[in-house]
Amino acid sequence: MLWLALGPFPAMENQVLVIRIKIPNSGAVDWTVHSGPQLLFRDVLDVIGQVLPEATTTAFEYEDEDGDRITVRSDEEMKAMLSYYYSTVMEQQVNGQLIEPLQIFPRACKPPGERNIHGLKVNTRAGPSQHSSPAVSDSLPSNSLKKSSAELKKILANGQMNEQDIRYRDTLGHGNGGTVYKAYHVPSGKILAVKVILLDITLELQKQIMSELEILYKCDSSYIIGFYGAFFVENRISICTEFMDGGSLDVYRKMPEHVLGRIAVAVVKGLTYLWSLKILHRDVKPSNMLVNTRGQVKLCDFGVSTQLVNSIAKTYVGTNAYMAPERISGEQYGIHSDVWSLGISFMELALGRFPYPQIQKNQGSLMPLQLLQCIVDEDSPVLPVGEFSEPFVHFITQCMRKQPKERPAPEELMGHPFIVQFNDGNAAVVSMWVCRALEERRSQQGPP
């Protein structure tokens with residue numbers, strides 16, 4: 001019998017939970033779960049995978065009080081299901097009724113012949129390696145510009161990163177493009193971040209995305225998040241990257257300028273590096289700027305794969321609030337559009353709020369186009385007088401010029417007095433600030 005732990009609801013922390021996994025046309029399997037740590041969505045999928053080894057399940061359903069099926073695809077939806085179930089259990093206990101198991105229904109899976117079954121990975125190269133056994137390495141693939149094309153083919157074809165080797169732990173965040181998990185890579189013993197994106201695309205487009213992602217192995221910058229690999233399972237792409245224990249900047253409060261300056265230096269260096277490789281980031285915003293307790297700052301989620309960018313845009317409808325005016329208007333996009341996004345991001349981090357007060361970002365950065373028309377029609381926002389240094393005010397003002405060609409070029413950004421002032425390599429300033437902020441957050445949350 002399989003035993004796991006569960007305990008997100010204090011009143012039920014000693015209550016044994018029985019989950020009844022309904023198997024189509026074959027009855028059911030009962031799974032006993034004891035109290036303890038919070039049960040994750042991935043844990044349930046793992047158990048369903050043991051019950052239905054011939055199928056790939058990406059979601060499951062439960063029935064509400066009206067008998068309607070509710071789909072669970074994330075940890076948040078998992079919590080909602082458990083909350084609903086425990087409320088019914090409490091009612092059953094009060095009324096002296098027999099406690100019924102929590103019944104879940106794995107979503108109908110495609111027949112094996114329609115699934116991607118080659119190591120749970122879409123190979124971008126044909127040949128014998130497609131059917132070879134996955135290689136097990138002592139560590140995750142490192143980033144190096146010296147990697148040959150043959151090495152890249154091997155990494156993409158030998159299944160070095162695949163679903164079977166990953167154990168999902170905590171949910172780090174939900175974005176408009178998918179869900180990010182903290183995960184454990186079994187062969188290497190490394191902690192990594194895995195972004196899982198649901199995409200309704202063909203096998204050919206999956207292969208194209210995997211091919212386009214090859215360039216990430218060439219990125220060798222301390223200001224760019226480390227890339228370990230990617231794989232498809234059904235209609236989910238999982239992108240495996242370096243784990244940053246400080247998380248993304250969007251979850252932090254208003255930042256002091258001496259910290260903001262050193263973070264800005266790292267972001268500008270990261271963008272300059274990408275631009276030198278002819279890569280536009282396309283999605284510069286605080287949630288794509290990551291920090292760790294060592295004081296490092298790194299960019300993530302840049303648009304190296306045009307097909308992936310387009311597929312996400314078709315799947316997750318909306319317009320990014322950090323887009324430059326010309327992008328919102330549907331005009332040509334270039335480096336200067338990244339520069340606008342840089343400016344509005346650091347203006348938000350300095351103010352502790354989004355610079356356009358009429359735009360509320362409570363539900364993330366994607367929103368209907370009409371709400372963002374003010375970015376196109378109105379003058380650029382300005383920082384309040386007297387609160388910030390002249391170099392910082394000038395830096396933001398230049399980045400947020402309405403005309404793209406009036407914004408600084410890459411070399412002008414690096415030479416700007418604000419960037420020069422804080423380009424001292426003092427990571428300790430960022431490290432102390434991140435550690436203090438994380439400690440304050442833990443103290444506010446109280447004991448686990």
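In case you wondered, yes, glycine gets a Cβ from its N, Cα and C as well.
Per Swiss-Prot, the feature region 'Disordered' maps to 116-144. Swiss-Prot lists 126-144 with the feature compositional bias 'Polar residues'. Among the features that Swiss-Prot reports, domain 'Protein kinase' is placed at 166-409. What Swiss-Prot records for Leu172, Gly173, His174, Gly175, Asn176, Gly177, Gly178, Thr179, Val180, Lys195 is ATP binding site. The annotation active site, proton acceptor is assigned in Swiss-Prot to Asp283. Summarising the annotation, Swiss-Prot assigns phosphoserine to Ser311 and lists experimental evidence as the type of evidence. The phosphothreonine feature in Swiss-Prot is assigned to Thr315; the stated evidence is experimental evidence.
Classification of Asp283 (active site, proton acceptor) by DSSP places it in coil, neither helical nor stranded. In the three-state DSSP assignment, the secondary structure recorded for Ser311 (phosphoserine) is helix. Its Cβ taken as reference, Leu172 (ATP binding site) is surrounded by 18 other Cβ atoms within 10 Å in the chains shown.
A separation of roughly 12 Å, to the nearest angstrom, links the Cα atoms of Gly178 (ATP binding site) and Ser311 (phosphoserine).
The number of other CB atoms found within 10 A of the CB of Val180 (ATP binding site), across every protein chain shown, is 25. In this view, Gly178 (ATP binding site) is surrounded by 23 other Cβ atoms within 10 Å of its Cβ, with every protein chain counted.
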